[in-house]
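Structure, as structure tokens:
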Amino acid sequence: MLKPIIHKFKYGKHNIILETGVIARQATASVLASMDDTTVLITIVSDNTTIPGQKFFPLVVNYQERTYAAGRIPGGFFRREGRPSENEILISRLIDRPIRPLFPKDFLYEVQIIATVISVNPQINPDIISIIGSSAALCLSGLPFLGPIGAARIGFLNNKYILNPSIEKIKKSSLDLVVSGTKNTIFMVEAEASILSEDNILNAILFGHESQQSLIDNIYLFSDKANKIPNIYKNIYKPDKQIFNLISKKIKKDINKAYYILKKKERLKKLNDIKQKVTSELLNNDSQLTSSKIEESIYFLERNIVRKRILKGKLRIDGRINNEVRKIDVRTGILPRVHGSALFTRGETQALVSATLGTSRDAQNLDDLLGDRTDNFLFHYNFPPYSVGEIGIVGSPKRREIGHGKLAKRSFLAVMPNIEDFPYTIRLVSEITESNGSSSMASVCGASLALMDAGVPIKSAIAGIAMGLIKENDSYIILSDILGDEDYLGDMDFKVSGSRLGITALQMDIKVSGITSDIIRSALYQAKSARLKILDIMENTLQIPRSDISKFAPRIYTIKINPEKIKDVIGKGGSIIRMLTEETGTVIEIKDDGIVKISAINGEKAKYAIKRIQEITEDIQIGKIYSGKVTRILDFGAFVSIGFGKEGLIHISQISNKRIDKVINHLKINQIIFVKVLEVDRQGRIRLSMKNI
């Protein structure tokens, strides 16, 4: 018999239901989590063996949406769900990020979390309940998870913070912030903002963490009610102090010297030489040792050396003080045929960013679970292996690249022009050509310059900075513009982007507990200081958007026609619009409300297309003289075309002031003549005359 264990509670204004014991019972743990009819099935399966030589925690999170959840059938030929969408990948990362740091560093068993959306309320985004359900399932799994964690989405509307706002409210909100953490510590923040102050952001984070306290209490109650599995992984490897001390004695001085080498490439070569030499020596002397044990001890040695140096107030790895930003080089317009381009170099991190302007036909059509939509602003981030001096597979973007592209895109949403004012689809591409930390924020800086170089009228320049943290007990140091090694050996990766007036996006990932509001506040204000310095340097090169778009970009013109005339412009089977596009070399798009967009690389061609459309759609004016072509000759007169789809009759009596016997003696087929409109009757028939012209 199926014996469900159900726990219901209120979370703000929402009803939460956590259930286990009925579905997916073969999994290590499973939870059916619901928030006001948005339901997600969370399953966790863990392996009971490790892969020899495994060096990292192989956690895989797969978030997947089923279209039946929204009462829909998938599009496409196969009519079934395919590879993960960008949104599914982003939410997978959102679930992963607060969970991963809560497993012991030496826990190396493979774990897979699958979150499947099986019912959706169109006003409730499934991401928050997916994090909640994953936290609850992990608490039942018997894995050494140091949770539970909570999750909250915070909006800011009418000067008030809103807990888990609906889809409708979040569209009106000036903030979309997700915060996740344990009872005492925040571990993850993701936010998009409409240029809000540091205090607004900090208060939102604290409000979100405070709000999820009752949620965490209820997950504890649920796990107690469900008789969670005891922790079955008792024999987890712990670092051997004897090995650590031996390695420390042999190479501590050499490692310390290596971390005074300022250039990354030289430093890494020296460190690798030291590591290979000591590893080879120890393995030859002791057959019981493994390379993974040696590597872990070396990691802790490196970590201790770098962290102690910084905490003592000494210079950082590359010789900077804590709040110093690396040397910046800015160049714009470096790609001659590209609509806008910039090369942004910060130390050993470099982004080559291009901006491309397209028409509405280039916009991306998105088939989301919460409804179809069109996106006319795209940001793609590429991280090739050569950027870190490695050989690797080049192919479709990885999760990290998609995540960094999304963060960079969110940095600009508050300053992009309205589609009505600037009717272009905009695509930004950031090629990371060198990387030593903070490449996503270099992409933001480069993108701001590329947009302005392309003549996109953004409201203000945007810059980004990545902050780090070194924390031991109550002592801590916040680092500006972190290197890759400082990210790897440190306790926080805190990316902040914005304008001079405020923050537009941020992403925070914390690896340790004990992060206080004072630490977050200090990081935010230190980031602001760095951001303003970077903006000063950027604005020395390009202060405002260029006054005109590139000569290689399409010119888009917009006109309004009577919606009843749309059929005249399109023609039977699209014949007229096809002829117009071929004749003028333009792209013509017509909306149901009569808005017509004409785009062409050559502005004169676009203007000619406008003239032709106006000729087609303008009403025939009585008494006006038109140039026309004779199309048919009959005994009683001739038909003359005076525009697309507009044909009038000249009666034989209106061809000449004198009496004539035969029309054919005065007019020929395809002859161009001038005619005056005498009348347009109720049926739209046009009567013409050649007299007195």
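Keep in mind that glycine also has a Cβ here, set from the backbone N, Cα and C atoms.
Features reported for this protein in Swiss-Prot:
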type: BINDING; residues: Asp487, Asp493; note: Mg(2+) binding site
type: DOMAIN; residues: 554-613; note: domain 'KH'
type: DOMAIN; residues: 623-691; note: domain 'S1 motif'
Taking DSSP as the reference, which of helix, strand or coil describes Asp487 (Mg(2+) binding site)?
helix
Just counting, how many other CB atoms are there within 10 A of the CB of Asp493 (Mg(2+) binding site)?
22
For Asp493 (Mg(2+) binding site), which DSSP three-state class applies?
strand
PLDDT averaged over every residue in the domain 'KH' (554-613):
89
